[in-house]
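Peer 1: Reproduced below are the annotations present in TrEMBL:
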- 1-48: region 'Disordered' (REGION)
- 1-10: compositional bias 'Basic and acidic residues' (COMPBIAS)
- 52-70: transmembrane segment (TRANSMEM)
- 57-518: domain 'Major facilitator superfamily (MFS) profile' (DOMAIN)
- 112-131: transmembrane segment (TRANSMEM)
- 138-162: transmembrane segment (TRANSMEM)
- 168-186: transmembrane segment (TRANSMEM)
- 198-217: transmembrane segment (TRANSMEM)
- 229-247: transmembrane segment (TRANSMEM)
- 326-347: transmembrane segment (TRANSMEM)
- 363-385: transmembrane segment (TRANSMEM)
- 397-415: transmembrane segment (TRANSMEM)
- 421-444: transmembrane segment (TRANSMEM)
- 456-478: transmembrane segment (TRANSMEM)
- 490-509: transmembrane segment (TRANSMEM)
- 517-586: region 'Disordered' (REGION)
- 535-551: compositional bias 'Basic and acidic residues' (COMPBIAS)
- 560-579: compositional bias 'Basic and acidic residues' (COMPBIAS)
Amino acid sequence: MSSHEHEAKAEQPAPPPSSSSSNSAEAKPETRPSMETDMPGNSTTNPSTSWFGPKMILALFCAMSLINYLDRGAIASNGVNGSRGSCNKDGICTSGTGIQGDFNLSNFQDGVLSSTFMVGLLIGSPIFASLAKSLNPFRLIGVGLSVWTISALGCGFSFNFWSIAVCRMFVGVGEASFISLAAPFIDDSAPADQKTVWLAIFYMFIPAGYAIGYVYGGVVGSHFGWRCAFWVEAALMLPFAILGFVMKPLQLKGMVPGGSTKVLAADTRVQDVEASNGKDESLSSSAEVGDKILSEPSKSKSGSPAISNQFSHFFKDMKELLQEKIFVVTVLGYIAYNFVIGAYSYWGPKAGYSIYNMTNADMIFGGITVVCGIVGTLAGGLVLDFMTNSLSNAFKLLSLTTLIGGAFCIGAFLFRSMYGFLVLFAIGELLVFATQGPVNYVCLHCVKPSLRPLSMAMSTVAIHIFGDVPSSPLVGVVQDRINNWRTTSLILTTIFFPAAAIWFIGIFMHSVDRYNEHSESESQPPQPQPQPSTSERKDTTPTPLPEEKIGETPLPTPSIEEKTRETPIEAPSVEEKTGETAPPKP
């Protein structure tokens with residue numbers, strides 16, 4: 001029973017008191033508001049009634065995403081990442097710059113450094129997604145972003161490869177705290193006909209963050225040193241970490257708000273009482289059952305059983321998630337797509353500098369990525385909403401844009417002219433970035449609401465652990481062997497075509513939008529049973545036992561021996577029955 005239904009019943013006039021009932025039984029429904037709203041610690045509110053609205057929620061998560069991906073772009077920039085020292089044929093040597101120069105890293109080590117955050121993301125994402133079912137999600141975000149801030153600060157104080165690698169790993173833990181919860185909150189807050197556009201606005205800050213990070217890293221790294229770049233990032237993220245601890249919590253669709261588990265159990269038992277006793281006794285019964293449930297000691301404090309239940313729920317949810325064929329196909333295509341995008345983001349400036357002698361490769365690649373990323377991501381969301389945001393239409397858009405965009409990128413790397421390369425590469429990136437809104441829309445809507453955080457967490461983990469994490473070091477290995485950035489880039493770009501083929505298969509699969517589907521029993525209160533009519537209740541309502549009557553002492557039930565010892569009562573005569581004298585017999 002929801003709090004609104006309970007409050008509505010409490011407003012109805014109380015039935016006339018019976019002679020066998022006490023006044024306290026009637027007073028409980030009037031003085032006791034909804035159990036769900038009175039639960040201690042359950043301050044969950046709707047976005048419309050909170051101190052900030054849906055647009056503020058969107059802006060908040062966009063700012064977090066921008067700073068996070070700015071960090072990714074900064075560590076890939078020439079100003080922060082730098083280069084190793086080298087010697088020419090004449091024996092003249094130049095010292096290295098940035099992280100790679102200070103720590104004398106190989107291309108493989110440099111690629112690994114960009115991927116170590118994935119260790120923390122892999123561990124943290126499923127944990128945060130599971131804890132969000134029972135804990136305040138914004139407190140979890142506050143904890144995660146605090147870890148992110150401290151880790152970014154530590155990157156600036158690192159002294160060798162392993163020290164900065166460990167700090168990068170904990171940066172991934174911080175990212176995991178909001179990456180699985182941001183999209184479901186935005187999906188709940190967005191208008192029904194603009195869901196893909198809102199998701200596109202959020203995801204456009206991935207390329208925008210990368211691009212701004214290229215420029216930011218190049219400027220700060222060259223003027224103040226690469227360590228200063230990490231310190232400024234930590235200062236930028238600190239206010240959002242603090243905000244996670246002080247802001248009002250919001251209820252996520254399909255989730256049980258923190259502290260309301262007992263309330264749902266109470267509601268279930270209250271409805272059982274109402275179904276058996278009828279509507280007239282529902283108010284007093286619900287109050288009594290609620291008092292009993294709320295007074296029971298919590299079993300979750302025992303430690304081991306609670307942890308065991310968390311693991312069992314997690315594996316149950318994972319099994320259900322992996323049985324969703326639409327989700328699996330979407331993520332497989334997303335992995336191949338992200339393999340290319342991840343390598344582009346990390347090696348793009350170096351490849352452009354080597355192939356076309358771009359003296360300001362950070363600025364050029366940053367400018368192309370930010371413009372094409374923002375325009376392409378927004379365009380993809382608008383087109384899907386215009387087509388009617390369905391799963392089948394999303395797959396059509398995903399396969400078409402990835403196929404054509406990949407072809408333009410192949411043509412770009414075949415051009416000898418830098419200007420021809422920039423034009424074709426910009427068109428290719430414009431098309432491939434149009435997938436961001438639709439692919440995440442599918443991940444959110446192909447599962448039931450309570451699985452959305454886990455869906456986003458596992459899709460993010462999968463595209464990183466099988467996509468951009470191995471792509472950066474593998475491209476570094478290929479480049480070390482063939483020593484030709486043009487050929488390496490062409491080999492990398494061909495992986496767009498398998499991604500388009502996988503998403504093309506999704507068009508012909510049976511797909512159902514499950515956004516409005518009821519969640520599991522612990523996430524959604526049970527539906528009330530239909531109440532019998534007044535005439536049916538008169539015939540079927542059982543007479544309460546003596547101990548159920550309020551204020552009466554239960555009478556002892558006589559045993560069989562006591563019954564047999566009793567003097568039998570004589571049957572009344574005809575005169576006693578009728579009150580008249582029986583007529584004489586003839």
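Each residue's number is its place along the chain shown, starting with 1.
Note that Cβ sites are derived from N, Cα and C of the backbone, with glycine treated the same way.
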Peer 1: Does the transmembrane segment (198-217) come near the transmembrane segment (421-444), with 3+ Cβ pairs under 8 Å (pairs 6 or more apart)?
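Peer 2: Answer yes: the transmembrane segment (198-217) meets the transmembrane segment (421-444) with 3 or more Cβ pairs below 8 Å.
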Peer 1: With pairs closer than 6 in sequence left out, are the transmembrane segment (456-478) and the transmembrane segment (363-385) joined by 3 or more CB pairs under 8 Å?
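Peer 2: Touching, no - the transmembrane segment (363-385) and the transmembrane segment (456-478) miss the threshold of 3 or more Cβ pairs under 8 Å.
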Peer 1: Would the transmembrane segment (397-415) and the transmembrane segment (138-162) count as touching if the test is at least 3 Cβ pairs under 8 Å, pairs 6 or more apart?
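Peer 2: With fewer than 3 qualifying Cβ pairs, these stretches do not touch.
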Peer 1: Considering every residue in the domain 'Major facilitator superfamily (MFS) profile' (57-518), what is the mean pLDDT value?
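Peer 2: Summing pLDDT over the domain 'Major facilitator superfamily (MFS) profile' (57-518) and dividing by its length gives 82.
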